[in-house]
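J.: My structure is below; once you've seen it, I'll send some questions.
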Amino acid sequence: SEVLNKITQGKGKREDLDTLEDLAEILSHGSLCALGSTAANPVLTTLHYFRDEYIAHIDEKRCLAGVCRELIQYSIDPERCEGCLRCLRACPTSAISGEKRKVHTLNQGMCIKCGACYDVCKFDAVIRR
């Protein structure tokens, strides 16, 4: 669990993948019951089929699925922003600034990555990466 948390927070290392595989194999082969012997299967399966996503988390500090909050970054596309104020009003930390009918900006240092701005934007101006 700690190893997976590190990876989803962008703090993982390549060696962590080996650690996960080793722990999963030990659990699978060393368990005395059927439940224990299959408990590691989800980890082993994702490591096998989605290794590139683990590597993106580790090397690029990027979540391809866009769900690991620590690895998401929001920005406002000035080409699409209509200055409607919806994102500004939705932001719980006032990380977005701007005037009505003018392009808004997002302060990365204040953003808590909650996605409220993304959810309310009708113009697809809020970009999630």
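For all residues, glycine too, the Cβ spot is worked out from N, Cα and C.
TrEMBL annotations: computationally assigned, not manually curated.
What you see is a predicted model, and the numbers here were worked out from it, not measured in a lab.
From TrEMBL, for reference:
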| type | residues | note |
| --- | --- | --- |
| DOMAIN | 72-101 | domain '4Fe-4S ferredoxin-type' |
| DOMAIN | 102-129 | domain '4Fe-4S ferredoxin-type' |
J.: On the 0 to 100 scale, where does the mean pLDDT of the domain '4Fe-4S ferredoxin-type' (102-129) fall?
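T.: 96, rounded to a whole number.
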J.: With DSSP as the reference, give the number of residues of the domain '4Fe-4S ferredoxin-type' (102-129) in helix, strand and coil.
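T.: Output for the domain '4Fe-4S ferredoxin-type' (102-129) reads 5 helix, 5 strand, 18 coil.
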